[in-house]
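Visitor: Quick one: this structure, given as structure tokens, is what I'll be asking you about.
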Amino acid sequence: MDKPKVVLGVSGGIAAYKACELLRRLTESGHEVRVVPTASALHFVGAATWSALSGNPVSTEVWDDVHEVPHVRIGQHADLVVVAPATADTLAKAAHGLADDLLTNTLLTARCPVVFAPAMHTEMWEHPATQENVATLRRRGALVIEPAVGRLTGVDTGKGRLPDPGEIFEVCRRVLARGVTEPDLRGRHVVVSAGGTREPLDPVRFLGNRSSGKQGYALARTAAARGARVTLIAANSTLPAPAGVDVVPVGTAVQLREAVLRAAPEADAVVMAAAVADFRPAAYAAGKIKKKDGQEPEPITLVRNPDILAEISADRARPGQVIVGFAAETDDVLANGRAKLKRKGCDLLVVNEVGELKTFGSEENEAVVLGTDGSETAVAHGPKEALAETVWDLVAERLS
Ligand SMILES: Cc1cc2nc3c(=O)[nH]c(=O)nc-3n(C[C@H](O)[C@H](O)[C@H](O)COP(=O)(O)O)c2cc1C
């Protein structure tokens, strides 16, 4: 089988060096990559680097190898075009259809999915001109990844940083796998909770659970790659932030509830994949609980935590909002799942079997998604990403 053909456009931002890592990931995972830098990009990383790492010739202008008509051919043959970093200037040219170098010509001739990963100073990103250009590109079907917040060129910090190249690669991989040119969750805002809450007993101890956050992160990554604006409420997870996703870190069930209630009013869909503790210690000891000679420890009294899924399902923040719950069951999985779907009042319930060595922390999952309409969608054992795609397919059906 032919290798998928990827065009990596690189424009003239300080983050151009990070595109070398993206290029490596793409070539090492079996993609044929043609790098098309702008002339400005070559001030940051030279043509020799792009050519040697990609194994392909590199030009910035339409005047090289004219007999091969590269200004048309490169775009026409691409399965994916990703521009990383995308400068304010390149976004503006793309939005207005300018074609004064090889990259902008390629963007006009490509009929495959196009991904832009903008990177620039916060002022440039927030400027109405840039925001309108981004909106135009999104309206036309391009996937424009929200920049990350963090250190920029020099000492500045703010929104405008290029997301981690590994995470941009994950977006590219998912977009290529779907093979559709229009991101179907474009214009949608989704909230995903992930990880496991921790309920403190004293300053050093907590009651927790085995959730790693991998399923919730897979849901967030997949939704972003399908064009959604994603708020990821992450309980105690150390996983890398997915590209373009707004991560809200939380610790306890009560904090998670507050974050969900804050984000839900703007959300078209809420997917509650976090493992939220049902109970928390009734009392919190301000100092570390000590062993006392000859005495048995005090029993721990628990109180119930709020039931966030039932609460947001009963009192929808928006009409038509789709709410998805997860049920981790150890036995009688489907029967318990059906009862839980009724009790919680959500639209979809992802039922999976968990155990000490099952699902938690694993890269794989298998589940049945139950719908209030009586539907049952079985997802075979496979990567958590596959389950995430099915969940978003079912959510997208309900949103439309
Ligand atoms: C040191 C330096 C860093 C720059 N970093 C960025 C950047 O991160 N993002 C951006 O949009 N422009 C940045 N610029 C400005 C662009 O290089 C400039 O707008 C250029 O015309 C972009 O051309 P291109 O879009 O054809 O690559 C930077 C310029 C310099 C000198």
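Residue positions begin at 1 at the first shown residue.
Yeah, the Cβs are placed from backbone N, Cα and C, and that goes for glycine too.
The following feature annotations were taken from TrEMBL:
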- Asp278, Lys288, Pro306, Asp307, Ile308, Leu309, Phe326, Lys340, Lys344: CTP binding site (BINDING)
- 5-171: domain 'Flavoprotein' (DOMAIN)
- 185-397: domain 'DNA/pantothenate metabolism flavoprotein C-terminal' (DOMAIN)
- 1-189: region 'Phosphopantothenoylcysteine decarboxylase' (REGION)
- 190-400: region 'Phosphopantothenate--cysteine ligase' (REGION)
Visitor: Provide the three-state secondary structure of Phe326 (CTP binding site) computed with DSSP.
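Guide: In the DSSP reduction, Phe326 (CTP binding site) maps to strand.
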Visitor: Mind looking up the mean pLDDT for the region 'Phosphopantothenate--cysteine ligase' (190-400) in the predicted model?
Guide: 93
Visitor: Where does Ile308 (CTP binding site) sit in the DSSP three-state scheme?
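Guide: Assignment for Ile308 (CTP binding site) reads helix.
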Visitor: Taking the Cβ of Asp278 (CTP binding site) as the reference point, list residues of the same chain whose Cβ is under 8 angstroms away and which are at least six residues distant in sequence.
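Guide: Within the chain, Asp278 (CTP binding site) has Cβ neighbours under 8 Å at Arg304, Asn305.
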Visitor: So, in DSSP terms, is Asp278 (CTP binding site) helix, strand, or coil?
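Guide: Once the DSSP labels are grouped into three classes, Asp278 (CTP binding site) ends up as coil.
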